[in-house]
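The structure appears below as structure tokens.
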């Protein structure tokens with residue numbers, strides 16, 4: 001149903017999210033093409049290309065359908081279409097979160113083991129980390145999607161949301177869902193905080209090594225490089241926590257709808273801006 005109860009906002013929302021989607025696609029395609037440049041063929045930019053692909057995919061799952069629904073009377077989605085959408089949202093979200101942990105490990109190796117970096121972070125290791133992120137995301141998504149769609153649905157099958165996600169689908173179930181909601185919180189905590197702990201450990205080691213560098217310019221360059229990644233981590237951790245871990249009564253029904261948009265539409269748009277505006281190498285190649 002989205003914001004069908006607010007017909008006066010539909011056209012404004014359509015043009016707003018159409019612009020956001022266009023910026024997301026163009027920005028991530030630019031990042032992908034720029035990081036293919038020979039001067040940027042290092043693991044950090046390989047992971048950044050994968051991140052761009054995931055961002056384009058994440059935005060493309062929900063935003064086009066949402067744009068159509070803004071202008072259409074028929075806002076329905078098939079049962080299999082809903083299951084596919086839920087699987088894709090969870091898969092891409094979890095995969096991207098694990099990829100951010102791999103990127104933190106890459107920064108740790110580059111800063112704390114610079115002489116062995118090229119040997120340790122070879123192409124085989126980089127591809128393996130990406131595949132491991134995808135496999136982990138797939139396991140999480142399959143389990144969560146199968147679990148949600150094993151619930152009995154009855155009554156009006158109206159999803160008060162922009163796309164198929166776990167919270168609104170559980171609300172359609174005929175059974176008592178308090179135990180299932182506790183399982184969601186537990187699973188979300190594991191998916192979010194396990195990579196987050198790995199990221200914290202990596203950056204604790206990075207900060208410790210950086211503080212030992214006597215050159216102020218060298219410290220500034222390291223912090224500038226890592227700050228872009230940290231900003232993205234904070235965006236993902238914050239949006240995931242607000243969507244799945246906050247109590248139901250802590251925000252309004254409309255807020256519940258807007259919060260997922262930060263993860264599926266806003267953050268994929270901001271990622272290329274964060275990495276391009278804060279990365280000197282990317283800006284130089286982009287200008288050339």
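Just so it is clear, glycine is given a Cβ too, placed from its N, Cα and C backbone atoms.
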Range annotated as transmembrane segment - as stated in TrEMBL, picked from 86-105, 166-185: 86-105
Per TrEMBL, the range holding transmembrane segment, considering 125-147, 263-285: 125-147
For the domain 'G-protein coupled receptors family 1 profile' (27-275), the mean pLDDT of the predicted model: 83
Contact between the transmembrane segment (187-210) and the transmembrane segment (86-105) (3 or more Cβ pairs under 8 Å, separation 6+): yes
Dominant neighbour of the transmembrane segment (12-34) in 46-66, 86-105, 125-147, by Cβ pairs under 8 Å: 46-66
Distal contacts, the transmembrane segment (86-105) - CB-CB under 8 A, six or more residues away: 44, 47-48, 50-51, 54-55, 57-58, 61-62, 129-130, 132-134, 136-138, 140-142, 144-145, 148-149, 163-166, 169, 191-192, 195-196, 198-199, 202-203, 229, 232-233, 236, 240, 263-264
